[in-house]
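Comments concern the structure below.
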Amino acid sequence: MRILITAAVASLLQTCLAANAADWRSRTIYQVFTDRFARTDGNTTAPCNVANNLYCGGTWKGLEKKLDYIKNMGFTAVWISPITAQVANAYHGYYQNDLYSLNPNFGTAHDLRSLAAALHSKGMYLMVDIVPNHMAFAGCPDKIDYRRLKTLNHPDKFHSYCPIKDTGNQTELEDCWLGDCNMAMPDIKTEDPQIAGKMNTWIKWLVSAHNIDGLRIDSVKNVNKAFFPPFCRAAGVFCMGEVSEGRADYTYSYQEQMDSVLDYPLYYAITRVFQQKSNMSDLVVALAACTENQETGCKDSTLLGTFFENHDNLRFANVTQDLSLVKNALAFTMLGDGIPIVYQGQEQHFAGGDDPWCREALWSSQFNTTSPLYKYTALLNNIRNHVISHSSSSSRHRNHHGYAVSGSAPYLAYQTRVLAYTATEMQLRKGEVRTVLSTQGEQSPSWTLKTQGMEFDTGKTVLDVLSCTRYAVNWNGEVDVNMRAGGPVVLVEEDVLRGSDLCTCERGGGSRGYVGIETVGGGEWGPHGS
Ligand SMILES: *[C@@H]1O[C@H](CO)[C@@H](O)[C@H](O)[C@H]1NC(C)=O
Ligand SMILES: *[C@@H]1O[C@H](CO)[C@@H](O)[C@H](O)[C@H]1NC(C)=O
Ligand SMILES: *[C@@H]1O[C@H](CO)[C@@H](O)[C@H](O)[C@H]1NC(C)=O
Ligand SMILES: *[C@@H]1O[C@H](CO)[C@@H](O)[C@H](O)[C@H]1NC(C)=O
Ligand SMILES: *[C@@H]1O[C@H](CO)[C@@H](O)[C@H](O)[C@H]1NC(C)=O
């Protein structure tokens, strides 16, 4: 009897711990590259030569000790590198050889559970990267010792070897092998029901044993589509897939198989427009491909993972150090549809090139919380988090961590609309938030932009929450905004800011009034991070 009750309670806990898509929609994710975030000893002068492709010493314990660095930037979830045991030197975690063991370089099972508990106590979610496509063996495909691949320890668990030669051939992508003669990557036969069953058992165990709230799934386009719905059901938590492909129809089709995919089509448009200053219409077309086109469309734009840096691609600042351009790109990502993802080091304006150069040790920044993009990221998260809670204040409830969530909040449900655009500017609306973006850069002179289609309430006061400049709404519901140093501008009606610490008066002992219509310059209306 006692055993029965315990089992019942355990299964109940299991059920209500599982975070689903609605729980994740309101989140923002900070991507941690575990080996390069923080060390257990807290050493910030330990060397890390990215060119060596070797472990640099980051751990789950090190991360746990530095969670406030992430939380104080306003993030509500952390994505970490794959946790499974690896072949030698696989510091990134994508070369696993044992599904049921953890990577001892990152710590123990106890350390990982402790990290999950620490995140949950701060109201944050844990997202773990997983690799259902392949195992790894350091050698040629014909030399594999299958006994080394613990759970799947026989060649019949894998497709017979063929290299992927034509990446445009879907059969080849799914059935042939990634890797080469330095690193063979035996391709798991995920379409075999028995093997799929083993994978489902594994993921169910992985999620519950480590209190995981969501999964980032690697190499999705190399796995048969039908594998995913039962796999994600077995996981019982939010699934976001990596389909590293810019074609909207191809990538978004995978959202039929799982809750979310990383928005690679939008990633390419963001970098073309803000990094390379291509025509803003490029971004307009990319947005429409997801939300307005039947052929290429996505199932739910508000669940896509939006980003413009990660551990596989050159960083924004490798192309341009213009602070206005990166701020515009970040405002677009953080205040648009989708679940925003920021990759560690973005907030420190790291400038590494393609893999492995974009995998710098974050500790080299001394975890600087006063650097401009750290403060700016905190401000954007503050805006997003505040508007979500403001927008849902009538329908608010609390989840199992006591954290306010809002599955059906108007702001989150509001699909971003393009109000107007030119080759260099774009005006957007998502619910209470209107954004003006520009690609003119930080050197551009100040000018006045007349908004179009904002539909503010006449007679209201609107604030640019980035500069805390106040504007009176015209008779036609528009404002004339001051574009300084290339923007961006983020406009909300004054009422929306009630209850936040955004644009509160820093002088005058906590008084929160605003006096007159004035422009910044005196430093009186300083933006507050969280
Ligand atoms: C940090 O690591 C560096 C290089 O390995 C070493 O010289 C230094 O003594 C370490 N600092 C501490 C406080 O352990
Ligand atoms: C795709 O690859 C498979 C397996 O290599 C091959 O049998 C098939 O002919 C290829 N299809 C096309 C259209 O090239
Ligand atoms: C871009 O990345 C490459 C490779 O890491 C590096 O050599 C170059 O210095 C980087 N550019 C900038 C501006 O940092
Ligand atoms: C942190 O960043 C600020 C602003 O860029 C800089 O002035 C300061 O020296 C940095 N602090 C450390 C410890 O690097
Ligand atoms: C930008 O794109 C729009 C729409 O395609 C086009 O009409 C315009 O001429 C382009 N402007 C420039 C400067 O390329």
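Each residue, glycine too, has its Cβ placed from N, Cα and C.
Residues or ranges marked as active site, nucleophile by TrEMBL: D218. For D218 (active site, nucleophile), other Cβ atoms within 10 Å of its Cβ number 19.
Annotation source TrEMBL lists active site, proton donor at E242. In the three-state DSSP scheme, E242 (active site, proton donor) is classed as coil.
According to TrEMBL, the feature substrate binding site maps to H134, R216, G246, D312, R359. Under the DSSP three-state reduction, H134 (substrate binding site) is assigned to strand. Using a 10 Å Cβ-Cβ cutoff, H134 (substrate binding site) registers 25 neighbours.
For C48-C56 (among others), the entry in TrEMBL reads disulfide bond. Of all Cβ atoms in the protein chains displayed, 20 besides its own lie within 10 Å of the Cβ of C48 (disulfide bond).
Positions annotated as disulfide bond by TrEMBL: C162-C176 (among others). Taking all protein chains in view, 18 other C-beta atoms sit within 10 angstroms of the C-beta of C176 (disulfide bond).
The annotation disulfide bond is assigned in TrEMBL to C468-C503 (among others). Mapped onto three states, the DSSP output places C503 (disulfide bond) in coil.
The feature domain 'Glycosyl hydrolase family 13 catalytic' is assigned by TrEMBL to 31-384.
Residues or ranges marked as signal peptide in TrEMBL: 1-18.
Marked as site 'Transition state stabilizer' by TrEMBL: D312. Neighbour list (D312 (substrate binding site), Cβ cut-off 8 Å, at least 6 residues apart, same chain): S244, D354, D355, C358.
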Cα-Cα distance linking C503 (disulfide bond) and D218 (active site, nucleophile), given in Å to the nearest integer: 40
Conformational class of C48 (disulfide bond) under the three-state DSSP mapping: coil
Fewest other C-beta atoms within 10 angstroms, as judged across C56, C162, C468, C503, which are the disulfide-bonded residues: C162
Residue from C56, R359, C468, C503 whose C-alpha is spatially nearest that of C176 (disulfide bond), among the recorded positions: R359
Those recorded positions of C48, C56, C162, E242, C468, C503 having Cα within 10 angstroms of R216 (substrate binding site): E242
Overall pLDDT for the domain 'Glycosyl hydrolase family 13 catalytic' (31-384), taken as the rounded mean: 98
Rounded distance in angstrom between the Cα atoms of C56 (disulfide bond) and H134 (substrate binding site): 25
Annotated substrate contacts H134, R216, G246, D312, R359, maximal Cα-Cα distance (Å, integer): 23
